[in-house]
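Student: I have a structure here, written as structure tokens, and I will follow up with some questions on it.
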């Protein structure tokens, strides 16, 4: 990137637009998909370039500038929760000079000469959340979202061990804010479980926590080892205490978990000493921290300082430097995932970083390799900040030799040699060859047999690779004819290396056992991109039986608009997922395989767990403002009674509940002659349901 100190106004205008688009994409990947595309340090670098350009050319600041936004726009998978006060992020200090500037700004703003006490806390590398209590009862939990509107994760938070559902001696209204995280050892154990179940491993504890708390299926969240710390009282904190130190004491007395590792610093020297102490000892903590948060201790002074667009003036995060190492890049391998996405991985001369021997590192994406000019046989800099595999941050050009080799971004799939499809400016590259691609086929079979899919015990990744190599299976269907094929083979499976009579007998028994399966698990086992367990359940619930499901999907592949609209109305099935479903069933091989699987499996119809009642299976839409209960509560009640609540009115809608100012949804319902009731009728309706 060119020297931004010498950049022209025209160049700055263009670069600000590029930065806004790129940072928005990175925010979406990090906050919404829990799948970061770049390292924290690279993100911070881009963000700081954006800030510097905006300071130099303030008249060029865009309306969608990342400096004005927190997090990312939320999805439609969860109900929305409007925060009582914005949940902003913190500005960053990367060195002592940045921190001294922060302390000087406090003095200048408050017009004081003396040092005012600063409260110092570890910066937990987790997921921010808010929790609301009324009369001591926990009623609403939400993610940060975009800072102003979060996602409703109330039921998910309730699964966290030791999180209080009821508080004694609490004020009438209470908000607390904190961080949800997973401890290091729990994270390692979780990834072992993921691997054993043929499921993807999480990149780091933060990603695992984010992916766990944002599950549509609360039962999955309940299985995850989530913990939390509370660090703020939100809009109510100044009713509880007059300082941050007093607040944490009060929150602890109310039975919340607070971080005991904190310090009230009375001088600049004490701040730096606390930072050095945590930086040195962070590896001994059971959880990941990535810096220290400093806040003015006095709430009255915090009020005087106020906020800027996306962060408070009275607080700052002092980031730790990542653990750095240097080693030789031996090669770059390209992995092809189950859905065809290609990922570059650096193969390294083994090196110890932070007590862990590292032989592989992530290169994030192919654009990243070109931007950093990473070449095979280069000496590369690594950083490790809690990731399972570290990140390559740059190249030691001074050690570059003449025999280094530039990496060519693949044009053809390394597994099947088919032409690749480039998505998002080379950041994402896909192979669209599906089952005909050996790598995708292998990953898809591994997913098919995994615990939450067909659940065939004794058939893990190693065994699948062996059976494919010996040409005993080539697709999921072959698994169910393996016993028959084995009986006619010259060399039987039980006589091959790594197998025995008992293990083979158990495998065949487990294969037979797996042939009776619920519709939702069967749909999940198919491995459709973005169709996880919850979305598989939504589809199973919508179509009811295997025969109806496959018939409707065949119509969808032929561009049937009614089926398309029906899927589009399902809460949780957005445009992106709908495109993935259409793409999957457009491939004839996929449909043929599913039909053949249907002939050998006993796929059970979807069974609703709740009792049947008047609302079961009905599609309901809420519009306008309700006065007696919130929209979120109304939605939960409707779903508990078996209804499907959707966001838009269509021909498939059975009932519209209209509050005050119903708007366009109410108008459309009248045009389509859909039954409409008001709030009073709705309350009477659910009472008798």
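Every residue gets a Cβ built from N, Cα and C, even glycine.
Pasting the feature list from Swiss-Prot:
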- 40, 41, 42, 43, 44, 89, 90, 121, 144, 179, 295, 319: NAD(+) binding site (BINDING)
- 123: active site, N6-AMP-lysine intermediate (ACT_SITE)
- 413, 416, 431, 437: Zn(2+) binding site (BINDING)
- 610-689: domain 'BRCT' (DOMAIN)
Student: With residue 123 (active site, N6-AMP-lysine intermediate) as the reference Cα, tell me which of the binding-site residues 42, 44, 413, 416, 431 is the closest one.
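Tutor: If we rank 42, 44, 413, 416, 431 by Cα distance to residue 123 (active site, N6-AMP-lysine intermediate), first place goes to 44.
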Student: Taking Cα atoms as reference points, rank the binding-site residues 42, 44, 144 by distance from residue 416 (Zn(2+) binding site) and give the first.
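Tutor: Going through 42, 44, 144 one by one, the Cα closest to that of residue 416 (Zn(2+) binding site) is 42.
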Student: Check each residue in the chain of residue 42 (NAD(+) binding site) that is at least six apart in sequence and keep those whose C-beta is under 8 Å from its C-beta; list them in sequence order.
Tutor: 393
Student: For residue 416 (Zn(2+) binding site), name the DSSP secondary structure in the helix/strand/coil scheme.
Tutor: coil
Student: Out of 90, 431, 437, which has the highest number of nearby Cβ atoms, where nearby means within 10 Å of its Cβ, if these are the binding-site residues?
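Tutor: The residue with the densest Cβ neighbourhood is 431.
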Student: Starting from the Cβ centroid of 413, 416, 431, 437, the recorded Zn(2+) site, name every other residue in that chain with its Cβ within 8 Å, sequence order please.
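Tutor: Same chain, not in 413, 416, 431, 437, Cβ within 8 Å: 336, 340, 414, 415, 417, 418, 420, 432, 433, 436, 438, 439, 440.
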Student: Taking the Cα atoms as reference points, how far is residue 44 (NAD(+) binding site) from residue 431 (Zn(2+) binding site) in Å?
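Tutor: With distance taken Cα to Cα, residue 431 (Zn(2+) binding site) is 31 Å from residue 44 (NAD(+) binding site).
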Student: In Å, rounded, how far does the Cα of residue 90 (NAD(+) binding site) sit from the Cα of residue 431 (Zn(2+) binding site)?
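Tutor: The Cα atom of residue 90 (NAD(+) binding site) is 40 Å away from the Cα atom of residue 431 (Zn(2+) binding site).
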Student: Say you check the Cα of residue 295 (NAD(+) binding site) against those of the binding-site residues 413, 431, 437; which is nearest?
Tutor: 431
